Amino acid sequence: MSSVTSSPTFVRSDLVILGGGGVAVVLAGIAHYADWTAVVAFVVSAVAVTLLATLVGRSVEQLGDRFGPGATGVLQSALGNLPELFICIFALRAGLVDVVKAALVGSVLANLLFVLGLAFVVGGLKHGTQRLDSERARTIAVLMLLSVSAMAIPSLAHGLHTPAVAHEKAFSIIVAVVLLVLFALSLPASLKRGATAADPHAEAPRWNVGLAIGLLAIASALAAFVSDWFVDALEPAMDALDVSQVFAGLVVVAIAGNAIENIVGVQLAAKGQSEYAFAVILNSPIQIALVLAPALVLISVAFGLSTLTLVFSPLLVACLLLSVVLATVITIDGESNWLEGASLMALYFIVATAFWWG
Amino acid sequence: MSSVTSSPTFVRSDLVILGGGGVAVVLAGIAHYADWTAVVAFVVSAVAVTLLATLVGRSVEQLGDRFGPGATGVLQSALGNLPELFICIFALRAGLVDVVKAALVGSVLANLLFVLGLAFVVGGLKHGTQRLDSERARTIAVLMLLSVSAMAIPSLAHGLHTPAVAHEKAFSIIVAVVLLVLFALSLPASLKRGATAADPHAEAPRWNVGLAIGLLAIASALAAFVSDWFVDALEPAMDALDVSQVFAGLVVVAIAGNAIENIVGVQLAAKGQSEYAFAVILNSPIQIALVLAPALVLISVAFGLSTLTLVFSPLLVACLLLSVVLATVITIDGESNWLEGASLMALYFIVATAFWWG
Amino acid sequence: MSSVTSSPTFVRSDLVILGGGGVAVVLAGIAHYADWTAVVAFVVSAVAVTLLATLVGRSVEQLGDRFGPGATGVLQSALGNLPELFICIFALRAGLVDVVKAALVGSVLANLLFVLGLAFVVGGLKHGTQRLDSERARTIAVLMLLSVSAMAIPSLAHGLHTPAVAHEKAFSIIVAVVLLVLFALSLPASLKRGATAADPHAEAPRWNVGLAIGLLAIASALAAFVSDWFVDALEPAMDALDVSQVFAGLVVVAIAGNAIENIVGVQLAAKGQSEYAFAVILNSPIQIALVLAPALVLISVAFGLSTLTLVFSPLLVACLLLSVVLATVITIDGESNWLEGASLMALYFIVATAFWWG
C-alpha cells in the first residue's frame, strides 16, 4: 500500500491517508499480536480504523457519478457506516452489549450536540449568522426526529410499562424490522434527491474504476481486521485508564467511529456551505436509527452474538430525545450562530460528564 | 329507517349510510339480546356505532349554514364526539376505567400518528410535497400542543411528585374545570373563524330542516343504545381474542370512535386540500383534551360511575407528549411528504405493539 | 428618601416608587424588629423588595446610554437579578434549600407560562394576532431552550442514572462553571446587540449621574437588608398560611422576585411592542439558567451555606422542560393570540396547583 507512484492520480491528502493508513494498520497488527500495552494498542487501532474509514469514503467519492450521483450518495452512506458496523459486531461477540448501546446513542449525541455545535461555531465565527432555511434541511431534520423517536419507544416501554419488560427481545426485533422497512421506503427518495441536488464539493474523479474498487475492497477488508483488534484492546485499555464501559462507548467509540463524517461536516461549515454541512451531520443519526441499530439487533440474534435490544438506559434515552428535539427546533428556526453552537457543545460536555461516573 | 324513497333528497351515499346503519343497528340489537358470541356482537355493534356517527355528522352537515357556518362547525365538533362520549360513559358504568383512559389517549395517538400519517402518505403520493403554512394550521397545532400538555400534568404530578398522589381525584376535577373554561373561552373564536373560513367541500343542503333534525335525534338516541351494547360485548370479546383491556381501548375503541373524522381527514388529503385535512385531524385532539376528557371526569364523579381521573399510565403519557411535540414540529415545519407520513404510521404501529402486551 | 422636591427631575411614577419604597422599607424594618405577626411582616417586606427592585431598575435606566446602550442592557440584566440573588442567599443561609430550588424553577415557569401568557392575552385583546417573527426573538428562544436544557441535565442524571447520584455536588459545580462560561461567551454579543437594537421606550434621562448612582447604591444596600427580613418572615408566614415550602418558593418568591420584569413585559405587550416584550420575558430564564442558578451553586459552596445543587425535584424538571419546549415552539411559530396566552396561563395555574400539595 505504500508503493504509490507520484503520478497525478494521487493528491497530497490521498498520500497521507494511504501512507498513514498503511503504517497505522501495520502498527495495530503488531500491537495486537505482540501484546503491547492495551492503551497503545487501542490508540493505534483507533487511528487505523479512522484512516481506513476515510479511505473507504474517498474510494466511493472517486467512483464519482459512474453509478449516478444518487446511487453514489446512498453507497457512501451505507459504506460510511461499515467500520462502525464491524466494531459493534465484534463488541457484541465479546459480550460488550453496554458499550454498543452507548456507542449507538453516543453517535447520535456526538453528531447532534458536539459536531453540529462545532460546525455552528466554526461557520458562525467565519461567516456570521448562517441561514438553514432550505426545504431539504427541514425535511432531513423531521425525518431524523421521527426515526430516532421510533428507535426510542422500546426503551420507554421497558421503563414505563411493566408488561413490556418480558418481551424486550421480541419487541426490539419487531421495531428493528419496522425501521429497516422505513429505510427501504426512503431509498427511492434518496436516489432521486441525489440526482437533482448537485454536490457542492464535487470534482472530477482522479482514480479509474479499477483502482477505486480495489482500494475500496482492500480498505473494507482491513477495516474488519482492525475493528477486531480495536474491540480486543478496548476493555483492558478502559480498565487501565479507569474509564467506565458506558463512557467508552458513548464518547470514545462514538467519536472514533464517526470521525470522517464529523470532519467533513465541520469542513463544509468552515467553507460557508452551512446547508450541506447540516445535511451531512443530520443524516448520520438517521442512518444509525434506520440502518445501523436495527441491523445490529437482527445480526446479534441471527448469529448468536450477545443479544442487542433497543432498550437503552434511561439517561441515554432522555438525552437522546432531548437532543433530537433541540436539533430539530434549531433547524426549523432557520438560523444558527456561534453562540448556539457553543451552547450545544456545552450540552455535550455536560452529558458526557454525567456518564463519566459509571 | 329503510323506507326511504328514491327522491333526489337522498344521494347514493346517504342511502348506504341509512340502509347499512339500519341493518347494523337491528343486527347489533339481535346480537345483544339473543346472546350471540361476543366477538360477533362486538363487531356488529362497532359497525353500527360508526354508521350512526356518520349519520349524525351528515345530519349536521345538512343543517347547513342555517345557524351560520361558525355555529354549524361548533355543533359538528360537539355532536361528532357524541358516540365516543356514550361509549365512554357506559364503559365507566361497567367499571372499565383503564379502557376509557386508553381510549382517550388512543384517540389522540390515532389522530396524530396514524391518521395524520395516512393523510400525508395519501396526499403526498397523489400530490407530492404538500405545504401547510397557513396561519390557521399553525394556530391549531399550538393550541393542540398546549391543551394536551395541560391534560398531561396530573399524570406527571402523580408519577413524579409523591404528595400529589393523595389528591388524584381533586386535582383531576380542578384540571377538568380549567380545561372546560379554556374550551368556553375558545368558542367565540371558533364561531368567528367558521364565519370567515369557507368550507371547501360545502354544497347546498338536500334535506329540509325537519328531516335533518329528525334524523339527528333518531341517530343520537340509537347511538346511546348501541354504545351500551358495544361496551357490553367489549370485555368478553377482548377476552375471547386474548387482547388486553389497554390495547382494546387504545386501538379498537379509539379507531372505532373516531372513524368518521379519520375518513374525512384522509379524503381531504387525497383531494389535495392538505390545509383543511390538517385542521380536521388536529382539531380532534383539541376536542378530546378540552371537552371529552374533562366532561367525562366530571360526569363520572357527578353520576357516581367508576371515577375517571386524568392520571394516565406512564407509557401512555410519554407517548402522548412525544406525539404532540412531533405533530406540532411537523406542522410548524410547514411541509409534509409521504415519507414523513410513513414514519408517523410506523411510530403508531410501534406504540400499539408496545401495548399489545398488557 | 421622602424629602424629594417637586422639581421636574422626578415624574409622578418616580415619586410613587421613592415614597412607597421608603414607607415599605420602614414598615418592613418595624415589622421585623417589633415582631409583628409573620404574615404581615412577610407581605410588607415583599412589597419593599419589589419597590426597591423597581428603584434599582429605574436608576440603571436613568444612567441612560452613558456607558453605551449595550453595557446598560447588560448592567440592567445583572442588577435586575440582585434582589432575587439576595433573597436566595439568605434563604440558603437559613437552610431553605427546597425553597430556593423551587424559586429558581418557579421564576422560569412564571415567566414562560404566566407572564408570557398574560402578555399574549393583553397584547392579543388590544391588538389582535401579534407577530413574533424577528430573528432576535427566535435567537433568544433557542438560547433559552439550550441554556435551560443544560441546567436540567444534573436532575436527569440524578433521577435516571444511579452512578451519578453519589456525585451530585461535584456534577452541579462542573455544570455551574460551564453555564457561567457560556454566559461570559454571550456577553460580547449582548453588548453588541444592545448597540444596534434601539430601545423602543427610551427617553432622555432626567437624573444626573450622581443622583442615579446614589439611588442605585442606596436601593441595592437596602435590598440586602429587606431580603434578609423577607426570608426571616417566609417560613413562619407560610406555616401560618399552611402553604408548603415548595409552593412558597415556586409561586410566592418567584413572582415577588421577578415583579418588575414581569410588569415591564406585560406593559410592552399592551403597547403593541410584542417583539420587545417577548425579548424581555424570554431573557429572564436565560439569566436564571446562565447566571443566577450557577452563581448560587458556587456561592453556596464557597461560603459554606446549605449546599445548593442543580438537582431539582422530578416534577419541577418535567414542568421546566415542558415549558421551555412549549415557549420555544410558540416563538418559532411566529404568531400569538390571546387564546394561546390563556392556555399558557391555564397551564401555569395547573402546575402551581400540583405543587399546592407539598
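Backbone N, Cα and C define each Cβ position, glycine as well.
Straight from TrEMBL, the features:
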TRANSMEM  A:15-33  transmembrane segment
DOMAIN    A:38-187  domain 'Sodium/calcium exchanger membrane region'
TRANSMEM  A:39-57  transmembrane segment
TRANSMEM  A:102-125  transmembrane segment
TRANSMEM  A:137-157  transmembrane segment
TRANSMEM  A:169-187  transmembrane segment
TRANSMEM  A:207-226  transmembrane segment
DOMAIN    A:212-357  domain 'Sodium/calcium exchanger membrane region'
TRANSMEM  A:246-264  transmembrane segment
TRANSMEM  A:276-305  transmembrane segment
TRANSMEM  A:311-331  transmembrane segment
TRANSMEM  A:338-357  transmembrane segment
The domain 'Sodium/calcium exchanger membrane region' (A:212-357) resolves under DSSP into 123 helix, 2 strand, 21 coil
Taking helix as H, G and I and strand as E and B in DSSP, count the residues of the domain 'Sodium/calcium exchanger membrane region' (A:38-187) in helix, strand and coil.
-> 135 helix, 2 strand, 13 coil
What same-chain residues lie close to the transmembrane segment (A:39-57): Cβ under 8 Å, and 6 or more beyond its ends?
-> 17-18, 20-21, 24-25, 27-28, 31-32, 76, 79-80, 82-83, 87, 215-216, 219-220, 222-223, 226-227, 229-230, 232-234, 237, 240-241, 252, 256-257, 259-260, 264
Please indicate, using numbers and ranges, the residues of the same chain that are 6 or more beyond the transmembrane segment (A:246-264) and have a C-beta under 8 Å from a C-beta there.
-> 46, 49-50, 53-54, 57, 80, 83-84, 87, 91, 96, 98-103, 105-107, 109-111, 114-115, 118, 230, 234, 238, 280-281, 284, 313, 316, 352, 355-356, 358
Long-range Cβ neighbours of the transmembrane segment (A:207-226) (under 8 Å; 6 or more residues past either end) = 1, 9, 21, 25, 28-29, 45, 48-49, 52-53, 55-56, 58-60, 62-63, 66, 79, 82-83, 86
